[in-house]
Amino acid sequence: MRLAEIQIENFRTFGEGDAAFRLILPAGIAALVGENDSGKTAIVDAIRLVLGTRGQDYFRVGEADFHQPPDGGGARNEIRILLRFDALSAGDRGAFLEHLTYLDGKAHLFLHWKAVAGSRGPSRRFTTVECRSGATGGGPALEAAARALLCATYLRPLRDADQALSAGRGSRLAQILQQTEEIESVGEDFDPAAFPEDPATLSVLGIGDFANELLERQAGIGNARARLNDDYLAKLSFEGDTLKGAISVSGARGDKSARLRQLLEKLELDLRDDGVVDPPPGRGLGSNNLLFMASELLLLSQENEGYPALLIEEPEAHLHPQRQHLLINFLKQKAIVDRGAEHGLQVLMTTHSPSLASSLKLENLVLVRNGRAFPMGPEHTLLAPDDYAFLERFLDATKANLFFARGVIIVEGDAENILLPTLARLIGRDLARHGVSVVNVGGTGLGRYGRIFQRRAADEQGLLNVPVACMTDMDVMPDCAPAILDLTAPDGLVPTKSNRRWRKKDDFDGDGLEKQRASIAARANGQSVRTFVAEWTLEYDLAHFGLAREVWIAADLAIADERIHAGRVTIADVLRTSIRNFRDLSDLAPESRSTSVYAKYRGGASKAIAAQYLAALLDRAADRGRLPPATLREFLPPYVRATIDYATGNAGDAPA
Amino acid sequence: MIGVAELLARAVSDEDIADACASLGLPALAFHGADGEDARLAVLRSNGSIDVAACPGSGKTTLLVAKLAILAKRWTSPASGVCVLSHTNVARLEIEKRLGADPAGRAILSYPHFIGTIHGFVNHFIALPWLRSQGIDVVAIDDDICLRRRLHKLTPPQRSRVLQTKRREGLLRIVDANHDVGDVAWGGGPLGKHTATYQAFVAACQATTAEGYFCHDDMMIWAAQALERNPDLRNAVRQRFPVLFLDEVQDNDDVQSAILHRVFMEDDRPVVRQRFGDMNQAIYGSASATDVNGTNGDVFPNAAISIPVANSHRFGPQIATLADGLALSPPGLIGLREHPEAEQGRQAAILLFDAQQATDVLPAFAHLLTTRFSPAERAAGVFAAVGAIHRDTNRPDTPNCVAHYWDGYDHELTRIEGRPATLIGYLRRGVHDAAGTGDVHPIAEKAADAVLRLATMLNPSVRHPNLANRFRQLGRLLEHDTATLRRFHLLCSKVATGELPTNAGVWQTWKKPITDIATALLAGAAAESADDFMAWEEERGAVGVLATPGNIYSYPSMETAVRIKVGSIHSVKGETHLATLVFDTHYKGSHLTRIKDWLTGARSGLTANKPELRKSLKQHYVAVTRPSNLLCLAMRSDAFTDAEIVLLRSRNWNVGDITNQQIVWRP
């Protein structure tokens with residue numbers, strides 16, 4: 001049995017009608033990713049309300065859970081949550097027989113949960129809750145015992161693992177152990193009439209009962225009782241009505257499960273390294289968290305009946321990235337591989353961890369944004385099957401940042417990656433403050449990353465309203481460039497088109513160049529994804545539109561970088577020489593000059609290192625007031641300006 | 001947690017049986033019998049499929065309840081349960097009452113288990129989920145409402161033609177999932193299926209289905225469709241209910257037997273099924289001539305797994321022997337009741353009367369009772385006088401029906417369990433249900449039910465959602481009409497405080513306010529009249545230990561010493577009486593004369609295919625196995641020859657003649 005669909009209305013941030021929340025869940029693991037306040041926890045809580053949870057997390061609807069429409073107006077008074085399950089096993093179909101809905105020859109279970117706020121004045125609020133089955137909620141109410149079969153395991157965020165695993169009344173460990181079959185099935189119960197020959201053959205409860213019996217028979221206790229009776233009570237009793245005291249172990253007469261619980265509550269769980277006999281107490285929070293999750297999973301794995309579901313909020317809490325990765329792989333094994341669709345464990349987690357997000361397949365992710373869910377499975381995005389294969393290989397923890405961003409800039413090189421945050425900040429569009437991530441995809445796959453944000457059914461289900469700006473080069477050089485870059489043949493002529501891999505502007509007739517530009521932009525365009533194309537390359541463009549001198553100097557500094565760090569030359573020396581040489585370019589036509597600046601990067605200057613120097617140069621100029629934002633803005637290539645403006649355009653983050 | 005299979009594999013120990021007896025308040029050896037080898041023990045110990053052929057008075061329900069108590073105690077599966085099916089909700093109430101005191105036993109009354117009627121089961125688990133899956137919101141399963149609604153869909157001329165036929169709106173019952181209404185007798189001959197009129201009938205039925213209105217028998221059709229379209233469904237049922245108990249199997253009709261067989265037994269992996277019944281008492285259900293209840297060859301009882309329980313604690317050996325002689329297949333009845341020595345041999349009598357003196361029979365029987373039973377016994381026990389035919393069939397023979405023996409007999413009164421015909425009847429039922437408890441709830445529930453029903457009658461096309469709790473439903477419908485809701489509350493409170501009208505005059509003043517409430521539910525839609533439903537109806541009495549109202553004969557009329565319940569044999573099925581009088585009645589000949597040879601012992605058992613004879617034997621087998629202490633048959637003096645009288649007496653029948661409302665015993 002598998003939770004396939006969730007619909008939520010009027011619950012917290014989710015409204016009703018068009019503003020209702022709807023999510024088709026991927027099989028196995030679903031990780032809800034997205035920025036804070038996007039509604040991830042509300043989704044988990046909605047499921048908890050309908051299914052209920054094990055353990056002692058009672059959760060009821062509160063006044064604040066009723067949706068308050070953003071356009072004013074009073075709070076709504078009816079929360080509606082719909083859960084649809086499919087892939088029901090034979091056992092599930094039997095257990096929920098009277099509640100099933102048959103669609104396309106398959107059995108589904110729909111649960112319509114409703115909480116209605118009634119009000120009799122401000123001091124007497126009450127909420128009525130009902131849960132009915134059937135596609136439209138016309139079925140019978142779900143019995144408490146049937147609902148118990150659906151009960152989920154819920155691990156709250158920042159859970160206090162220490163508390164849950166230590167001994168004491170109501171400890172979670174005791175509950176988990178009590179559900180563990182071996183606790184009851186292994187060993188014999190204690191028979192008061194027959195003293196056990198080998199106490200090791202006793203069951204857990206047997207040992208407890210045996211110990212209680214020994215305590216009650218113990219000589220010292222016997223003596224104390226005798227003294228109490230003989231020396232005191234006997235003397236306080238009337239003739240013929242002797243008072244007698246008996247000493248017994250508290251709770252030793254309770255029923256079986258109560259006795260067992262008391263016994264198990266004495267146990268606590270901590271971690272030991274193999275071979276260390278007497279370890280120092282207190283592992284870190286993270287390790288204990290892992291231990292806690294392991295014990296919950298143990299309990300869950302023993303359930304044969306009903307719907308094994310695990311709701312985890314932020315499993316990454318206190319875990320370092322490698323352990324996050326280990327945990328995810330373990331859950332994947334448990335959820336999907338070990339059990340199969342009908343019996344599989346279903347895991348629903350919320351996370352803010354790019355490491356964790358990148359450990360999962362893209363189709364297991366659900367991006368939550370502004371109260372809407374955007375599952376990443378192939379039926380939901382414009383990504384092609386080979387895109388999924390590609391992204392599974394290359395979408396790493398660094399790139400997975402994009403799932404949490406309010407705006408994304410996808411770039412193809414280190415230089416862009418390094419420079420853009422500085423450029424944006426210096427023109428008053430700080431990327432960090434706008435929640436914009438720059439993702440460097442290297443040389444390939446720009447379009448594939450863009451398509452992550454393009455929805456298959458955008459018209460019906462809405463756009464994924466994250467501006468994604470892709471920056472890319474235009475691999476067409478100015479007509480003057482071949483000569484400057486020494487790409488001409490020995491005879492000084494430009495080789496014929498078919499004999500070279502590069503293109504220059506006059507290779508294109510009429511509006512051919514613009515068409516070429518448009519076709520590059522079209523590789524990743526549509527919905528909230530835009531591609532911005534350079535004149536030629538970033539360095540050329542920067543030089544060409546106003547920062548020629550800075551780009552030139554940065555190249556020289558990059559070339560001298562090793563010597564500067566080795567102390568063989570000073571930055572000031574390099575600067576002086578560089579500025580002097582730059583003057584030699586002053587007579588050149590603009591395109592030739594820009595090409596000459598760019599030539600330094602073809603001739604040995606590292607683009608990444610130069611970018612660092614350039615960022616520093618611009619920072620310093622701005623610090624000294626020589627480069628006010630408006631001025632720099634004028635100097636920036638149009639495509640850089642457009643990229644930054646577009647990606648940071650969600651400043652107000654208007655609702656979708 | 002152990003699976004159901006393991007749970008059933010565990011043998012039932014003596015301790016389990018003793019525990020069950022204790023929790024039900026029975027003696028520890030209640031099921032052991034004198035020799036500790038009673039067949040009931042075998043029934044309790046069996047965890048496999050069995051057929052229990054249980055004779056009258058064998059304590060079948062007690063046995064079933066004990067089995068449930070044993071199962072309940074060991075049941076651990078949270079998602080699979082026990083299914084107990086019977087024909088009436090009375091059986092469910094009885095089981096609830098007996099198991100209710102035991103906490104472990106109580107568990108079997110709710111999820112994941114099911115105890116109820118076959119119809120209830122088929123609806124709840126198969127037909128309703130399937131209909132809901134088609135997007136049909138089921139509003140009502142109610143023959144009256146559904147047929148009325150179908151009728152309403154026809155044109156006025158069609159409507160009046162339908163009402164002129166013998167079946168009236170019953171014509172509009174569907175026979176298959178295409179909404180075909182079967183063969184329709186129409187004027188001179190059958191109505192052609194291609195005719196516009198016939199198609200209008202089909203369309204009317206289709207429309208009510210789409211709107212969510214159904215007759216009870218429709219549900220069997222939709223259940224069959226559900227099973228057909230979802231091959232997995234029956235496995236799900238078997239998964240959910242790996243154990244099935246069927247009570248009163250002899251009363252299953254062919255449709256019910258077929259669907260239960262298909263769901264639980266057909267093909268691979270049938271469930272564990274334990275059937276309880278007595279084919280000798282099959283007076284309802286299957287009309288099939290062979291009486292084997294044998295759809296799909298699934299005969300009850302299946303000899304290979306049959307456990308006959310032939311000893312009865314109800315009556316003694318005399319009645320047992322005589323009753324055994326009337327059984328279609330004599331089970332070898334053993335009567336375990338012990339009578340004091342002075343009473344022995346006095347448990348069965350044939351009372352002979354002159355055809356003109358039929359009305360003397362009842363007083364004579366009543367007088368006999370005053371001589372045979374102490375006032376205390378008379379106050380505690382039930383006396384009954386029954387006949388195969390209870391209402392006048394206008395045949396020439398007299399007396400031909402119960403009514404001919406007592407002119408005070410009113411056959412209308414027998415509809416005690418049915419739905420009241422009038423609104424005042426609903427309110428009285430509410431008062432009756434609430435009797436003594438001080439609870440207003442039963443009254444409010446019946447009043448709401450009545451008002452909603454009235455609304456449906458005023459305009460059958462207005463839809464109301466169907467909630468189990470009628471009071472709450474009414475509250476919801478009137479959520480925004482507090483004035484009307486308050487008027488309804490006032491109605492309930494007046495009924496609850498004993499102001500229910502006792503005569504037609506006062507009732508007249510109640511009609512309008514009640515009709516106004518119902519009209520408010522129509523939301524402005526046109527209202528027809530519902531005069532029949534709103535009419536005044538005289539209240540009929542209910543007395544003494546006979547808690548249900550009905551036909552009670554009191555003797556003597558002043559200073560009553562004996563009350564006798566009078567009715568049909570069908571009406572006393574399953575009951576135990578202190579004494580029972582069986583009237584001879586006529587339908588295609590005298591019933592008792594027809595089975596004369598079985599009374600005299602000249603013949604025994606019957607395998608021949610003679611429907612009327614088989615029916616008579618079964619009915620009278622039921623009748624003669626009711627009494628614990630005294631059985632009397634009333635027959636005309638000319639029914640027997642002298643030689644037959646000798647035979648009767650040799651079989652231990654006492655014979656008496658009725659004169660002047662007294663019995664003169666033949667020496």
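Don't overthink the numbers, they just go from 1 along the chain as shown.
Glycine is treated like the rest: Cβ placed from N, Cα and C.
Remember, TrEMBL labels are computer predictions, not curated facts.
The ATP binding site annotation in TrEMBL covers B:Ala54, B:Cys55, B:Pro56, B:Gly57, B:Ser58, B:Gly59, B:Lys60, B:Thr61. Sequence-distant neighbours of B:Cys55 (ATP binding site) (same chain, 6+ residues apart, CB-CB distance under 8 A): B:Asp278, B:Asn280, B:Pro308, B:Val309, B:Ala310, B:Asn311, B:Ser312, B:Pro331, B:Leu333, B:Thr625.
Per TrEMBL, domain 'UvrD-like helicase ATP-binding' is recorded for B:33-316.
DSSP assigns B:Ala54 (ATP binding site) to a strand. Shown in sequence order, B:Arg40, B:Val309, B:Ala310, B:Asn311, B:Ser312, B:His313 are the residues of the chain, 6+ apart in sequence, with a C-beta less than 8 angstroms from the C-beta of B:Ser58 (ATP binding site). Around B:Lys60 (ATP binding site), the same-chain residues at least 6 positions away in sequence with a Cβ under 8 Å from its Cβ are B:Val52, B:Ala54, B:Asp247, B:Phe276, B:Val309. Sequence-ordered, the extra residues of this chain that approach the ATP site, with Cβ no more than 8 Å from the Cβ center of B:Ala54, B:Cys55, B:Pro56, B:Gly57, B:Ser58, B:Gly59, B:Lys60, B:Thr61, are B:Leu63, B:Asp278, B:Val309, B:Ser312, B:Arg314. In the structure as shown, the Cβ atom of B:Gly59 (ATP binding site) sits within 10 Å of 20 other Cβ atoms. Taking 8 Å as the upper bound (exclusive) on CB-CB distance to chain A, the binding-site residues B:Cys55, B:Pro56, B:Lys60 give none. In the three-state DSSP reading, B:Gly59 (ATP binding site) counts as coil. In the structure as shown, the Cβ atom of B:Pro56 (ATP binding site) sits within 10 Å of 25 other Cβ atoms.
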